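Working notes for the structure below.
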Amino acid sequence: MAGVCFGTARIDSVKGLYATNLICGLAGSTNETIVQMTIVDLFFIHQRSRMYATYSVAATIGSFLVPLAAGAQAASQGWRWSYWTLAIVNTVIFFCFLIFFEESKYVENSFGQSVLEPQNDLEQTTPVSASLKGEVTLDLSQPQPLRQTLSDTPNYTVNSYRQRMRLITPTRVNIWQLFYRPVEVLFCLPAVLFSAIQYGFILAWCAVFTSAQAIIMPYEPWNFNETQMGLLMLAPFIGLVIGLAVGGYVGDKMIVYFSKRNNGIYEPEMRLYAQIVPCIVSTAGFLVFGIYLSEYAHWAKCTVGTLIYGLGWGMGLNSTTYAIDSYSGVIGEAFVSISFVRNIFSVILLFALEPWFAAEGLRNSFITMGVLCFVIQLLFIPMIIFGKRARVITADRYNRMASAVKAYSRG
């Protein structure tokens with residue numbers, strides 16, 4: 001990331017910008033799965049929604065507040081200095097990783113120490129008829145065979161600092177599995193596909209209104225500069241943080257309530273009952289923004305719409321926690337596929353945005369997208385009805401996938 005930022009600060013062509021963005025995406029992609037896997041490992045089911053909300057708040061700071069600061073810096077010092085600053089920060093993080101970021105890969109070799117013990121022939125019993133009587137003699141003069149067992153107290157040694165900081169840990173993993181497994185998880189496990197569609201479109205609509213702002217609001221009647229455009233991101237950021245706090249808390253409390261009513265049995269679909277509120281709120285916010293923007297209203301009215309949308313966006317991330325609860329054994333592969341679908345939707349909509357505006361006009365375009373936003377989020381209703389049945393049907397396939405993931409994770 002540091003090298004890419006240094007390079008981007010010096011580029012002078014569009015091709016160079018494409019290349020650096022490609023490398024930047026490859027370098028930053030690891031964060032799409034590591035945190036989710038850590039949440040599954042460390043926290044109970046009734047805590048996961050709040051923990052995922054906490055992670056999302058941290059990610060949101062980078063997505064919303066950093067562009068705000070970058071816009072102000074670009075206006076005063078030029079856009080290249082925004083990348084120079086990012087390069088310096090990433091360089092500091094890189095050296096922190098080198099010094100403090102220990103290797104966490106665990107390669108399993110054996111479960112204990114091999115020990116030789118004398119075999120006791122009396123352990124090998126055979127049924128004897130109760131009618132047989134007489135004396136039994138045993139010849140113990142011959143040496144007894146030895147058997148190999150595993151000790152319950154293996155002798156482990158702690159890795160040295162140099163071993164813990166090594167850059168490469170060899171494993172017996174078939175690397176090709178890492179490429180096709182996310183595709184299999186996406187199309188064979190319904191909860192993952194549902195979460196990918198929900199999460200993908202939530203971010204895609206956000207990309208739509210941020211791009212619409214960038215296309216339209218630098219001109220009459222607003223005439224916003226780079227700093228003012230950056231400040232517009234404060235509204236959805238505030239709404240998103242509030243929505244994440246409320247949605248994470250309500251989602252966890254709701255599953256505890258429904259589990260108690262279900263004789264203590266938890267079903268992942270219990271999280272989806274909370275989706276009706278973000279479905280309505282996010283659609284309302286999107287329409288408010290789009291209609292006011294099409295009427296060239298005061299900028300404050302437009303930001304009310306983005307704030308409301310951010311609120312619904314934050315509360316709606318329970319759909320992602322649903323995938324974590326349903327298929328925790330393949331959560332890394334699941335979020336690789338979810339992230340891919342998310343980015344695909346955003347890219348397609350952004351390429352189609354300006355032709356869409358030109359063909360239908362701002363108002364009609366945003367009304368159409370608002371209806372799509374509402375209908376797509378209503379998919380939580382079929383998942384509540386058929387989600388459990390789908391998980392039962394795919395249980396054998398999921399268990400095979402989870403076993404394979406567990407095997408290559410151990411190396």
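Think of each number as a place in line: the chain as shown, counted from 1.
Cβ coordinates come from backbone N, Cα and C, glycine included.
Residues or ranges marked as transmembrane segment by TrEMBL: 52-75 (among others). For the transmembrane segment (52-75), the list of distant contacts is 31, 35-36, 39, 81-82, 85-86, 225-227, 229-231, 233-234, 236-237, 240-241, 244-245, 247-249, 314, 317, 320-321, 324: same-chain residues at least six beyond its ends, Cβ to Cβ under 8 Å.
Residues or ranges marked as transmembrane segment in TrEMBL: 81-101 (among others). Within the chain carrying the transmembrane segment (81-101), a Cβ under 8 angstroms from the stretch's Cβ atoms is held by residues 1-2, 5-6, 8-9, 70, 73-74, 165, all 6 or more beyond its ends.
Among the features that TrEMBL reports, transmembrane segment is placed at 185-210 (among others).
What TrEMBL records for 230-251 (among others) is transmembrane segment.
Counting residues 6+ beyond its ends, the transmembrane segment (272-292) has Cβ neighbours under 8 Å at 202, 205, 209, 212, 239, 243, 247, 250-251, 254, 258, 301-302, 304-316, 318-319, 322, 362-363, 365-367, 369-370, 373-374, 377-378, 380, 383-384, 387 in the same chain. The transmembrane segment annotation in TrEMBL covers 272-292 (among others).
Away from its own ends, the transmembrane segment (330-353) comes close to residues 29, 32-33, 36-37, 40, 181-186, 189, 192, 195-197, 199-201, 203-204, 207-208, 211-212, 215, 320, 323-324, 398, 401-402, 405 of its chain (Cβ-Cβ under 8 Å, at least six residues beyond either end). Taken from TrEMBL, the feature transmembrane segment covers 330-353 (among others).
Residues 190-191, 194, 197-198, 201, 205, 208, 268-269, 272-273, 275-276, 278-280, 282-283, 286-287, 289-291, 293-294, 316, 319, 322, 326, 356-357 of the same chain lie 6 or more positions beyond the ends of the transmembrane segment (365-387) yet place their CB under 8 Å from a CB of it. Per TrEMBL, the feature transmembrane segment maps to 365-387 (among others).
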